[in-house]
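Everything below concerns the one structure shown next.
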Amino acid sequence: GSKNPDHPCCSSLPPRRCRRRPPAGGAPRPASASSTCVSCSSVGELETSASPRRAGASLPPLGQAKRVVLVRHGQSTWNAEGRIQGSSDASVLTPKGEAQAETSRQMLLSDSFDACFTSPLARSRRTAEIIWEGRDDALIPDSDLREIDLYSFQGLLKHEGKERYGVLYRQWLKNAANFSIDGHYPVRELWDRARSCWERILAHQGKSVLVVAHNAVNQALVATSLGLSVEYFRILLQSNCGVSVLDFTPQACGGHPTVCLNRLNQTPNSPVASGSSGGRKTSKRIILACQGTTQSSSELSLGGMGYAPLNMLGTIQSQKTAELLLDLKVNSILCSPQVAAVDTATAICEVQEAADCLGADCVPRYVEMKNLMELEIDDAFQAKQKSLGEIVQSGWLGSMEYKLLERLWAQSKDAWQALLNELRDDAASDRVVVAVGHPAIHLTLICRCLDLPIEYMSSFHLDDGSISVIDFPDGPKGRGVIRCTNYTAHLGRWSIPITRPTENDEEF
C-alpha cells in the first residue's frame with residue numbers, strides 16, 4: 001500500500017506496520033476522505049482465504065520448546081452494560097471481573113512463568129496485575145495486544161450500533177472478516193497485529209509465558225498460531241478470564257515450530273451453563289466427552305485394548321463428567337461400542353435420567369443412548385505407543401500407524417454427520433447431544449467441525465475425562481463454534497493442572 005504523508009504513523013513505519021488507533025476513552029472521529037490512512041486500509045488486501053495454512057507456518061523458528069498461556073480480562077463495566085469496547089480504554093473491571101481474575105490467579109498459582117505480556121488497556125492490565133501478584137518480574141505491556149480497533153462503533157450500546165449503522169452493523173455480526181468501517185478492515189488489521197505479537201512473545205527467552213489481553217486479540221493469537229485465516233474469527237471462543245494454552249515445539253531442521261492447542265477457553269465458571277455462544281443465542285450443542293482412563297494392557301485377561309474397562313480414576317472421571325452435565329438436559333448420547341466409552345456414557349445417562357427425580361413418585365426422564373460404530377478406534381491408538389504428532393509426521397513413510405489413522409479419519413466423516421443429524425434442524429427446540437469416545441476420535445471431530453485436514457489432528461490435545469463443547473448458533477447446517485476444548489476443571493483434585501505437561505501424568 002502507498003503511504004499517506006498526512007498520517008503520522010505512515011512517516012516512519014512500513015505500510016503493514018501502521019498502528020493508527022482511536023483516541024482512548026471513546027469512539028474516534030470518523031475519518032474523512034482526505035484523511036483516510038491508505039496504508040492502514042491496505043491491510044484489507046491481506047490473505048482472506050478460509051483455507052488453513054500449516055500450523056505454525058507464519059511463526060519464527062524457535063531454539064527451545066515454549067508454552068504460552070493466554071488469558072482474557074475479567075468482566076468490565078462495558079461488558080456489563082452491553083457496550084462495544086474495541087480498543088477504547090474507558091471501561092474498568094467490575095467487582096465480578098476482579099473476582100474472576102482472582103479465580104484465574106488461583107488456577108495459575110503453582111505455575112512458574114518467566115514473563116507476562118499484557119495489553120496496556122486498563123481492564124486487561126488490572127487482570128494481569130491480579131494474576132501476577134507476588135511474582136518478581138515486571139509486566140511487559142505491548143500495544144499490539146490491545147483489543148480490536150472498531151473506530152466509530154466504539155462506545156455505542158449494541159442496540160445503538162444496530163439503529164445507527166443498520167446494514168454495516170449486520171455485516172459486523174454476520175461477515176466480520178470482510179467488515180469495513182472508516183476505511184479500515186478491523187479483523188484483518190487484528191490478524192496482522194497478532195502475527196506481529198508472536199514475533200515478540202516467541203522471541204522472549206523464557207520457556208513459559210503468560211499473556212493477558214482481550215477476547216478478539218486472543219482469538220487472533222490462537223488462530224494465527226494455527227495458520228487459520230480471518231474467516232475463523234468468532235469460531236474459537238474466549239470468555240472473561242478464560243485460559244487457553246499453546247505449546248510450541250522447535251523443528252530439528254530449524255524451520256517453523258509445530259503448534260498444539262493444549263486447551264481452549266478454560267473458564268472460571270461452568271463451560272456448559274450458558275445458553276449463548278459469543279453473545280449469540282444458541283439452542284443446539286454437541287459435547288465431546290472423552291472416556292475415562294482404562295486399565296493398562298498388562299492388567300487385561302481379555303485380548304484387545306477395546307475390552308479394557310475403566311480403572312478407579314476412570315470411574316471417578318465419568319462420574320465427575322456426569323455431574324458437570326447436570327447443568328444441561330441431554331437429549332441423546334452416542335458412544336463408541338468399546339467398553340470404557342459405554343461405561344462412561346452409562347454413567348452420564350443414569351445421572352441425567354435421575355436428575356429430575358426428587359421424590360419416590362417421580363418418573364425419570366428418558367435419555368436416548370446408542371452405540372455408534374463410527375466412534376470406534378483401533379487398539380493401536382489406545383496403547384499410546386506413539387503420539388498422534390509422530391504418526392501424522394510419519395505419514396509420508398506410509399507407516400502402518402498412519403494407515404490406521406487414515407481409516408479413523410475416513411470414518412470420522414460419517415461420525416460427524418451422525419452427530420449433526422442428532423441435533424435435528426428444528427429451530428424451535430433445544431437439543432444437546434453428547435458423544436462419548438476415545439480422545440483420538442474426538443480430535444478428528446474437532447477437525448471436521450473446523451473444516452481442517454487430517455494433518456491438524458496433532459494441533460489439538462485432549463485428555464482422558466475431558467470435555468469439549470461445540471455450539472451451533474445457526475443450527476446444525478451452520479458453522480460450529482468451539483466454546484472450549486480439553487476442559488478438565490470439573491475433575492477437581494483428579495484433574496491435570498491447567499498448564500502442566502501431560503506426558504508423565506498417565507498413571508493414576
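Residue 1 is the first one shown; counting continues down the chain.
Each Cβ is built from the backbone N, Cα and C atoms, and glycine gets one as well.
Features of the protein shown, as given by TrEMBL:
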ACT_SITE  H73  active site, tele-phosphohistidine intermediate
ACT_SITE  E147  active site, proton donor/acceptor
BINDING   R72, H73, G74, Q75, S76, T77, W78, N79, R123, K158  substrate binding site
COMPBIAS  23-36  compositional bias 'Low complexity'
REGION    1-36  region 'Disordered'
How many other Cβ atoms are found within 10 Å of the Cβ atom of E147 (active site, proton donor/acceptor), counting all protein chains shown?
24
W78 (substrate binding site) CB neighbourhood, other CB atoms within 10 A:
20
Nearest-integer angstrom distance between the alpha carbons (Cα) of H73 (active site, tele-phosphohistidine intermediate) and E147 (active site, proton donor/acceptor):
11
Cα-Cα distance linking the residue listed as 'active site, proton donor/acceptor' and W78 (substrate binding site), given in Å to the nearest integer:
13
Rounded Cα separation (Å) that holds between G74 (substrate binding site) and E147 (active site, proton donor/acceptor):
14
With every protein chain in view, what's the tally of Cβ atoms within 10 Å of the Cβ of R123 (substrate binding site), excluding that atom itself?
28
Rounded to whole angstrom, what's the largest C-alpha distance between any two of R72, H73, G74, Q75, S76, T77, W78, N79, R123, K158, listed as binding substrate?
21
Could you work out which of the recorded positions (R72, H73) has its C-beta surrounded by the smallest number of other C-beta atoms within 10 A?
R72
In the chain carrying S76 (substrate binding site), residues 6 or more apart in sequence that have Cβ under 8 angstroms from it:
Q85, S91, V92, L93, T94, G97, R123
